[in-house]
Amino acid sequence: MLPRHSCSLLLFLFLLPSVPMEPHPPSSTLPPFLAPEWDLLSPRVALSRGAPAGPPLLFLLEAGAYGEPAGAPANRSRRGVSETAPASRRGELAVCDAVSGWVTDRRTAVDLRGREVEVLGEVPAAGGSPLRQYFFETRCKAESAGEGGPGVGGGGCRGVDRRHWLSECKAKQSYVRALTADSQGRVGWRWIRIDTACVCTLLSRTGRA
């Protein structure tokens, strides 16, 4: 024989309206190693399902190509800095010639600790097909056959007095975030080095820079 208060509690629970429990939708949050810190991604890195059609907007602004007429070529991903300069600066020459473009087949890179890591070709995305990693790199223009002279990669810088200075055009690297795997198979977002400029290095012929 149950006490009276126990019977009242059972009757109360029985009379409660049944409230349908909605199933919780599965979390769309990616695992920690797959969720990039978006504020740390460089404009030189693109995560997309197809290769970008042109350079990053920030690159166009820095190169002075923003605001060109509508008839200007849209695809400048393989053009050098001198080719994207506005008409008012056509007479100027760069100390070192550079070419920029999207790298679509990068497989390895050097991370912040100087170790070689594998750059993953695909980045899993929630609710869709995976994304690919593209890197907009700037390198020194290679010397073409029969087109020797200053301003190309490995050559002397343009406009430098060779009587007093030894000069060379070299690629400059910067760090960007990318999804990589180390030698032990650990996957994560790491800082890797990519080519971002072509600069002139000088060495005094007297041994003092």
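Placement of Cβ uses the backbone N, Cα and C atoms for every residue, glycine included.
According to Swiss-Prot, the features are:
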DISULFID  Cys96-Cys169  disulfide bond
DISULFID  Cys140-Cys198  disulfide bond
DISULFID  Cys157-Cys200  disulfide bond
CARBOHYD  Asn75  N-linked glycosylation site
SIGNAL    1-21  signal peptide
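Location within the structure of each feature annotated in Swiss-Prot.
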{"residue": "Cys96", "record": "disulfide bond", "DSSP class": "coil"}
{"residue": "Cys140", "record": "disulfide bond", "DSSP class": "strand"}
{"residue": "Cys157", "record": "disulfide bond", "DSSP class": "coil"}
{"residue": "Cys169", "record": "disulfide bond", "DSSP class": "strand"}
{"residue": "Cys198", "record": "disulfide bond", "DSSP class": "strand"}
Intrachain C-beta neighbours of Cys140 (disulfide bond), sequence separation six or more, cut-off 8 angstroms: Cys96, Asp97, Ala98, Val99, Val152, Gly153, Gly154, Cys169, Lys170, Ala171, Cys198
Residue among the disulfide-bonded residues Cys96, Cys200 whose Cβ has the most other Cβ atoms within 10 Å: Cys96
Neighbour count (Cβ, 10 Å) for Cys198 (disulfide bond): 26
